[in-house]
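Visitor: To start, I am sharing the structure in question, which I have written as structure tokens.
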């Protein structure tokens, strides 16, 4: 079998189908675009829906992709099984009304078995087909040449989700050998498609040829489609001879780095620790890519999934003796593994690490206390008659210590306990009834609180006010009820006028304080949202009693507001600069304005070059340093458009709009807060540029003090590098590194030449011990080598030496067994086949292998069996000669 990296396998798949006329489609964002039915992109075909339903016609009806995907329906199994993951890649080839079975089945076989491609052993491949799908059976048996006993007919091989397109499918399985099975050889489930660990599904080909009608009938589709999916992690585990997906190069670097962070723990030392290592490796991949694509931890939807994954990883870090926040330290490892095809984690590394670290630090505050409480709760539940954790206890862990219910559920399962889920739900409902905020209703999909809808009082937002503002409190909402006084924990307030900006248009809300007439702090403003009737809703933590009708002093957090103003004006400059550098086809596709950074999404079919990024950054800073006044005009939409204002796609504008102008460089409709002059921004620095999805790019940038910090941090890094490479000045660093690289390459070349000489010398020693086995001469020995490549090189030396007819070389490498068998023409004519010999020997050292008649190789887990395996080969050589 070929030795391939995961990156090589991925690229090989795309190259194969590109050769067969397919358009290679970039992986879409994990966050579905225009598909509210999906929380995450969970398969390759999920991104093809628009093509298969006919809403969009593809440029090429043959498409291939490697699609990053997230599935979270069985998070609790991750780490406990060989194949479960939350984040995975799905390799796929798709036909939108183009080719069908007679093309796709031979292609699949060619890719899997051809030496040019994966080169898997055909004898180890099995397929399943739908019993009535005689066409697929014919293609596999009569065209591909698969034996009957390698084709299994299963009723389950029909893809149907109700009304709509459907059809039979064919799954391809790889036989990992009975030694890797978890059921007995005579078990009824021991077959391809059964519940067993021996036959690993690697590819599913769906033949979408019918339409399932509402009346239950199936009719032929006029245009037949192909949808296939191959799990990258699964096929890589086969190629890299890994027991599970986690021992591949997609996970092991993360696991090795986690070992360094742990309290002396080592992977493969015990089962419990292995589960923790696997959970951490999987979850950091998922959260890194999800954050890169725009998801952030929160208490709902995708954000809740991220929060759960991060906290589950942190809990397992504790089990490995890791103290404090650590998951963010693994992000660079994820980026390095995946950068060849997915550069976004490397591009957004600092931001991803910041998000994860902040989330970890929030959880770490209560983690230790929460774990102690959990241990006590479990101990008490074990003493109870019903062995059940009460809903009240589970809710306390959730509400006070931030333990998602699912984590407590997993801990209970591991301890052999149950949880009173009904009791937990009742506690959750009671809490919502006690302290539910109107904000929760506003932020849910399309729902608006009845109480807020009935508030008609006018409230005016004053843009320019940053100093203290006196205002009358006209409405108080507590627990979804209008009240005259607030003396509790939380409240929602409406004033007759306010300087607090409510979140809108990508700009987050102002924070600040509310004082009484005596200058005493009565409330902290933690968020501001728009009410149904457009008043600004101030969500506050109540410090002292608040009364309706009283005058209060409203103080905006000026530092936060300044950061928001600077970054919002900077997004306008950035938008204009992108359109000037990339072209006017570039449009804003989304934005986020925070006090300490900005995120700007824009339409673009291609990544920006380094030169383009530098040009955009330079242009923005030139406009900042030109000290241009920022002018705002309130007018009607038509007048605004005549002024040249850009209207954002998908935005709805009322009768009155606000136009923000920066000379003739930028004119946009915008309701956000802005600088009075561009020079207040100071400077802008682009931190990263990456893909969000097909046709959308994302820039993350910082301004002012954050930009200065970003530059100085990198200057410090450059100085460290300068010192490390002993460069006289910073300008010499690149040349110095190039010189070091040249020296390193020269040293590596010398080392390789020396190694070749050593191997040649070893070959001379090994090849002098020649045995006569009937009519054939045999060299059979265990070699002292560093790797499988050295073993193969010795075999190559043997070919040119003409020392014997048969070569059997074995070696122990890194605790694993390896064997190579080579035959000359005389041995082959005598009836021997290297592949047959290796298959006989491999089980003795706990492995498997295969190859061609003249050369074969195998690997295994038990080096102690190599001596007996060599003896077995010699016996076979004697018995199998004609």
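Glycine residues also receive a Cβ, built from the backbone N, Cα and C atoms like all the rest.
Pulled these from Swiss-Prot:
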| type | residues | note |
| --- | --- | --- |
| BINDING | 568, 572, 670, 674 | Zn(2+) binding site |
Visitor: Counting across all protein chains present, how many other Cβ atoms fall within 10 Å of the Cβ of residue 674 (Zn(2+) binding site)?
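Guide: Total other Cβ atoms inside 10 Å, all chains included: 25.
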Visitor: Long-range same-chain neighbours of residue 670 (Zn(2+) binding site), Cβ under 8 Å, sequence gap at least 6?
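Guide: Expected: 505, 568, 572, 658, 659, 660.
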Visitor: Counting Cβ atoms within 10 Å of each candidate's own Cβ, which of the binding-site residues 568, 572 comes out highest?
Guide: 572
Visitor: Which state, by DSSP, holds residue 674 (Zn(2+) binding site): helix, strand or coil?
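Guide: The residue in question, residue 674 (Zn(2+) binding site), is coil (DSSP, three-state).
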Visitor: For residue 572 (Zn(2+) binding site), which of the three DSSP-derived states applies: helix, strand, or coil?
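Guide: For residue 572 (Zn(2+) binding site) - judged by DSSP and reduced to three states - the answer is helix.
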